[in-house]
Amino acid sequence: MQCSYPLARQLERSSALNNNLFQKAAIWLVIALVLFTVFKQFDKPRAQDSVTYSQFMDDAKNGKVSRVDVQGRNLVVSPKEGSKYTIISPGDIWMVGDLMKYGVQVTGKADDEPNVLVQALYYLGPTLLIIVFWFYMMRQMQGGGKGGAFSFGKSRARLIDENQNAVTFADVAGCDESKEEVVELVDFLKDPQKFQKLGGRIPRGVLLVGPPGTGKTLLARAIAGEAKVPFFSISGSDFVEMFVGVGAARVRDMFENAKKQAPCIVFIDEIDAVGRHRGAGMGGGNDEREQTLNQMLVEMDGFEANSGVIVIAATNRADVLDKALLRPGRFDRQVYVGLPDIRGREQILKVHMRKVPIGNDVDASIIARGTPGFSGADLANLVNEAALFAARRSKRVVDMQDFEDAKDKIYMGPERKSTVMREEERKATAYHESGHAVVAKLLPKADPVHKVTIMPRGWALGVTWQLPEHDKYSKYKDNMLEEIAILFGGRAAEEVFLNAMSTGASNDFERATKIARDMVTRFGMSDSLGAMVYVDTEQDGMFGKLSSKTVSEATQQKVDAEIRRIIDDQYALAKRLLEENRDKVEAMTNALMEWETIDAEQVNDIMAGRPPRPPRGAQGPNSGGNTPPGGSPVAPTNAPATARADETV
C-alpha cells in the first residue's frame, strides 16, 4: 500500500504530460494545415503581363508556338523556344480556329472544381489562427493549469488527503504554548458532538501570527494530521489574477470543495496578500483584491452556515489585516508562534537530528545555547549545513566541529579563503576587530565575546561575534549605550593605533545612529526630552500608509542634539577604554595576525594578561586574506544583532 500513492502520482503526472503533448501537437497541426492551404492557393500559375494576347497571336501566326492548353480563360502557352507562360483569353470565339489554322496544337482542360474544405480554410484560416493563438496565450497566463482558459474561477487549493499527511504534533517542537491553543481544534474535528452537546462553538478561523520560519505552516499540517481530516493548502497570492472577478470565484470554489470534504481544514498561507485592510489604495487591482476579501468574509461568516470547515491562516503582518477579518466569528482566535527559547531550540534540533547520523560529541543543548534568535527554519538549515560539511570531509557522522562551522557560516557568511590582501590591510582589520572585542570585554553589561576573526566572510573582512548568555526579551538603557560604545570600538582603534580612518566603520555608524535615535524618539530614554515619542506617525490613506510629522522644527533640533550627545559620549568612552588598555589591544591584534581567528578562551587569556593558548584547529596567517581596497563596507545581511561585521579598506 505504501507504493500506491507514488505510483498514482506517477501515472497522473504521465497522463498530464501526454495530454500536454497532444494539445501542443494539435495546435501545431492546425497551424500547419492553414499555412499549407494558403500557400497552395497562392501557388497557382498566374498570368504573365510581359506577353500580350496580340503578341501571342502574332507568334502563333509566325509558327513560334507549338501548343496551347486552354483552361477556362487561362491559356498555358508552350513556345517552340523558351519557357511556358500563361495569358488570359479576352474571349475571342475565333481563337481556337485561328490557332489550328496556324498549326498550333490546342488542348482543353475543365476548370478545377472548388474544394469546399480548402476554400473554408482559405477564408477562415486567419480567424482560426487568431483563436488558436488566443487559447495558447490564455493557457500560458494560467500556467498550463487544468481546464485551460476556462479555469480562471477554479480554486488553486491543493488537497492533501488524510492518508497522505504524515505530519503530527510530534514533528512540531519549540512551540508548546501554540500547540496547546490549537489542540481544541483537533478534538472538535475528531468528536464534534462533544462540543455541540454543550452548546459550544469551535472557532471557525485560527490566525497563526509570527516571524518567518517559526513553523506556522508545519503546525497547520500537524493539526490536520492529528485529526485525520483532509487539508486544503493555498497561498493568498493565488486568488487574485488580472481578470476581474477571478479572486471571488476562486474563493467560492474553494469553500464549495471544502464543504464536500467536511470536516476539513483550509490553510491560507500569507493571507496578508489578499486580506489587507480595505480602502488603502485605488485602481482596478485594488478593487479586485477587495472583492476577493469581501467574498472570503461572506464565506467564513455569512448567511450560509459553514459547519465543519476550519480556516487556518498564517501571516507575519497581522497589523495590516482588515478588522472585519479578525472579528469573532471569522478569525476569532489568534495564536502567536514566536521564536523558540533555548529549550525550544533544543527540541527542534533533536527533531531534525533524527534524519542525520550524529556523533557522540554532539550536544543539542550546547548548540541551542549558541543559537539565540534562530527560528525553526534556521535550525533546520543549521543541521543541513552541518551534514554538508561532514559530507565534504568524507565523514560517516556529523560531529560538533561540523555544527560549529555551520553556525559560523550562517552567522557570518562563508569563508573567502582565496581572497588575498596586503599585510598592512590585514593589520588594520585586526586592530579594528580588536577594538570591538576589547571594549566589549571591558564593559560590565555587554554580551560575552564568542569569536573574533579577520578571515573574510561574506561581505565582511572581519567579525567580532558576541553571544548572550541567555535569551533576552527586552533591552535596558545601559545595554543600549554599551552597544553603541562597542560599535565605535573599531573606528576608535583605527584612530588610536593607526592614526587613520577607513570606510570599514560605516555599518557601525549606521547601527549606532539607529540605536541612539530609537533611544531618544521611541523609548523615552533621554533625560532632557523625557518620556515622549517623537517618531512620525503612520495612518491609512488612499495610497496606503501615509506618514505625518508630529514634532516642530525646534523640537527636531533638540532631538538631533540629544542623539549627537549620546553618540559623542559613547565614542569618547570607547576611545578612552582603548587608550587605557593598549597592551591588550596589541596582544589581541598580534594573535589575530598569527591565527586569523580566536575564540572566547583566547580572548579571556589576553584580557587576563596571559599568553593566548593556540586555538583548536588554528589556521596559519597565509590561509586567507582581505579584499582589496574599494570593497563594499556593508555587513552581511545574515549577521545577528550582536555580531560586529566590518570591512576595512
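Quick reminder: no glycine exception, Cβ is built from N, Cα and C everywhere.
The Zn(2+) site in Swiss-Prot is built from H432, H436 plus one of D361, D508, D518, namely D508. Take the Cα of E433 (active site) and measure to each of the binding-site residues G210, K216, T217: the nearest one is G210. Using Cα positions, the member of the binding-site residues H432, H436, D508 nearest to K216 (ATP binding site) is identified as D508. Put simply, D508 is the one of the binding-site residues H432, H436, D508 whose Cα lies nearest to the Cα of P212 (ATP binding site). Among the binding-site residues G210, P211, G213, T214, G215, none has a Cα sitting within 10 Å of the Cα of D508 (Zn(2+) binding site). Taking every protein chain shown into account, E433, D508 are the recorded positions, and of these the Cβ with the most other Cβ atoms within 10 Å belongs to E433. The Cβ of P211 (ATP binding site) lies under 8 Å from the Cβ of N316, G338, L339, S375, each of these being in the same chain and 6 or more residues away along the sequence.
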